[in-house]
Amino acid sequence: MSAAASFKSEFLQTLQARGYIHQITHPDELDAAAAGGIVTAYIGFDATAPSLHVGSLIQIMMLRRLQQAGHKPIVLMGGGTTKVGDPTGKDESRKLLSDADIAANIAGIKQVFAKFLTFGDGPTDAIMVDNDVWLSKFGYVQFLRDYGVHFTVNRMLAFDSVKLRLEREQPMTFLEFNYMLMQAVDFLELNRAHGCVLQMGGSDQWGNILNGVELTRRVDHKAAFGLTTPLLATASGAKMGKTMSGAVWLNAEQLSPYDYWQFWRNTEDADVGRFLKLFTDLPLDEIARLEALPGAQINDAKKVLADEATRMAHGEDEARKARDAAEKAFEQGALSADLPTFEIAAAELKAGIVLANLFADAGLAASRGEARRLAQGGGVKVNDKAEPDANRVVTEADLVEGVVKLAAGKKKIVLVKPI
């Protein structure tokens, strides 16, 4: 469906206006279903880490938009598929996790969704389902007889996730090869148990989603639809959700609300309007006003983006604390208890530690070499004073109010605290 096409349903109108839609199967049928009643839709998330990161946020926001439009979201946790590992976009096999690791990861991920969705027993309340419930019950022969007949190896070999591995002569295990069948069965099971008619996901999941749509229509002759979002990258082409210091996690245990706020504050100028549409609930007319701010005033829009995104993920208080800490640190030069802290053994600081090493250890630079280049370019500060020599030794003599304040560029600060 073209970008100019007009939808009748509030749900698809919102997705289109805010830039979420990449591809849709059966768009007219889906639009009619969403305009005529409650649509139940799901997105699957494998439990490969104890949190999700910003790279998954567009999918979380899709479920939020679905619920805001009066429909029912299903968060499908891949307790079963995580045991296999999604080969999509991977050059090598994932490390297999134990059942205990998967359960712990699911518990961490549940905390994320509670901030974005309303869960409960109502007709449009979100529910969380684990595909291990049905996948673990299948006998191998039964699974092949019931579902293997609907998939040809010819077609499976044509999927990008498989084809790219083979072209690069990189091994793919038979375990991974089965992933697409398992994901297709997820849709069928959710359709039967919960009346789910729509699977959503990133555009890299298009093939897997098509499998589920076609399996559900072929086996049970039920309505089934698929919808994908564009793969998200910054204006400069960087992968969304990754920084020099690592992944931008959505759980406070993995990344502080302050660092989360700073991630959004550091958004490139060209991305501000797009990210406000995708990652905040601000009205479109207000977003249009913010993205039109001239010159340096665009920084005000970035602060609004950071405020709104952090409020959604961490709550109003944490968003306010993060902004206050940033303003104190960068605009007033003051210390704040809400700034990120890196703890170091008091004996190690007393003996002295090379600044480049400290920068890398504290997450202000990806490596010692990066820290040295940053210092040479004037981007390193110790206690608010520029330090061009990354080889200089930091000791307890540098303590101010019990900490050493390190800054990388204009927007990243860590307080080094001896313990």
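Heads up, residue numbers simply count up from 1 along the chain you see.
For all residues, glycine too, the Cβ spot is worked out from N, Cα and C.
Per Swiss-Prot, L-tyrosine binding site is recorded for Y42, Y179, Q183, and the stated evidence type is sequence analysis. DSSP assigns Q183 (L-tyrosine binding site) to a helix.
Among the features that Swiss-Prot reports, ATP binding site is placed at K242, with the record citing sequence analysis.
Mean pLDDT for the domain 'S4 RNA-binding' (353-418) in this predicted model: 85. Annotation comment: Swiss-Prot describes 353-418 as domain 'S4 RNA-binding'.
Counting same-chain residues at least six beyond the ends of the motif ''HIGH' region' (47-56), those with a Cβ under 8 angstroms from any Cβ of the stretch are 77-79, 82, 85, 94, 97, 102, 104-109, 111-112, 232, 239-242, 247-251, 253-254, 263. Annotation comment: Swiss-Prot describes 47-56 as motif ''HIGH' region'.
According to Swiss-Prot, the feature motif ''KMSKS' region' maps to 239-243.
Taking H, G and I as helix, E and B as strand and the rest as coil, DSSP gives the motif ''HIGH' region' (47-56) the counts 3 helix, 1 strand, 6 coil. Local packing around the Cβ, expressed as the count of other Cβ atoms within 10 angstroms, is greatest for Y42 among the binding-site residues Y42, Y179.
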